[in-house]
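Here's a structure for you.
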């Protein structure tokens with residue numbers, strides 16, 4: 001197996017810098033669109049053969065160092081007993097969670113019974129790849145999932161979830177606790193199915209002040225990370241707009257902290273220290289730069305991150321209009337310049 005990513009997550013030496021891309025299996029790939037044109041998104045997530053097929057597509061086309069299982073962070077939420085509608089315009093909960101009664105109605109599902117198709121997709125992905133690269137399992141963080149559930153979908157202001165947290169903190173903690181009780185076995189199921197590393201996405205964590213994040217989110221993330229690390233796999237935590245939260249993310253005990261593009265890698269390293277690996281952090285829209293400029297951005301990030309304990313990635317998901325050839329150019333540039341970085345020959 002190409003184990004660069006796993007070695008980097010553990011801050012062990014690698015021959016070059018490993019790279020994968022958030023949302024690397026997605027609408028920017030014509031082969032993905034060919035499959036997606038015949039099946040609804042949620043149905044695709046629940047079809048192990050097709051989910052495995054689209055998981056493998058970017059590994060084949062781009063040469064990335066890992067496959068992240070094709071799924072959605074809201075899959076385990078649906079298994080808790082709430083109606084979920086997923087389409088190209090984003091998620092929608094027609095019956096949002098707003099009261100104690102709503103929270104009490106939510107179950108803590110058996111992961112195999114409620115989401116076993118995710119485990120099966122991981123097994124089929126490993127077989128299709130012949131274990132050539134590791135498979136990344138993932139889940140959303142309790143706050144991000146709760147934000148969707150309470151708001152009823154995406155939000156720009158997060159008024160409803162924040163009001164719940166600030167006006168009825170005991171209810172918010174009850175919801176976060178129930179989500180954590182669901183997510184830990186869900187991720188352990190993915191590890192048992194063959195995921196070699198897992199990522200926890202707190203996509204909307206940057207909506208909270210560091211003070212509120214420490215109070216409402218860190219206790220649950222610490223518990224998740226601790227229980228997952230006990231399985232022996234490395235754990236990545238990532239959120240958008242969280243440059244001022246890095247020390248908090250480090251406190252979770254995660255092996256890797258993902259950075260978005262708003263903070264240079266070397267500055268993130270200073271906050272995190274030498275005992276945590278980093279992931280990131282190219283702006284997804286830099287894939288629209290001319291190739292020479294994109295190449296320069298790759299070099300700069302590699303130089304700032306250093307040769308060990310760095311997984312190259314975007315600062316958030318790859319965007320649908322992205323040219324797949326630009327993504328392939330990026331992967332090849334990371335690998336090429338990663339070697340030069342280790343040889344001391346990385347130019348300007």
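Just so you know, glycine gets a Cβ as well, placed from its N, Cα and C.
So Swiss-Prot has the following annotated:
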BINDING   23, 24, 25, 26, 27, 72, 148, 203, 316  substrate binding site
SITE      72  site 'Transition state stabilizer'
Residue 23 (substrate binding site) has how many other Cβ neighbours within 10 Å of its own Cβ?
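I count 18 other Cβ atoms within 10 Å of it.
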Just jot down the residues in the same chain as residue 316 (substrate binding site), at least 6 apart in sequence, with C-beta under 8 A of its C-beta; none if empty.
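22, 203, 240, 260, 261, 284 - these are the non-local Cβ neighbours of residue 316 (substrate binding site), listed in sequence order.
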If you draw a 10 Å sphere on the Cβ of residue 148 (substrate binding site), how many other Cβ atoms land inside?
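Excluding its own Cβ, residue 148 (substrate binding site) sees 26 Cβ atoms within 10 Å.
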Quick check on the recorded positions 25, 27, 72: which one has the highest count of other Cβ atoms within 10 Å of its Cβ?
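The residue with the most neighbouring Cβ atoms within 10 Å is 25.
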Pop the Cα-Cα gap between residue 72 (site 'Transition state stabilizer') and residue 27 (substrate binding site) into the table, whole Å please.
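Spelling it out, the Cα of residue 27 (substrate binding site) and the Cα of residue 72 (site 'Transition state stabilizer') are 14 Å apart.
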In DSSP terms, helix, strand or coil for residue 148 (substrate binding site)?
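In three-state terms, residue 148 (substrate binding site) counts as helix.
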List the Cα distance (Å, whole number) between residue 23 (substrate binding site) and residue 72 (site 'Transition state stabilizer').
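Answer for this pair: 10 Å between alpha carbons.
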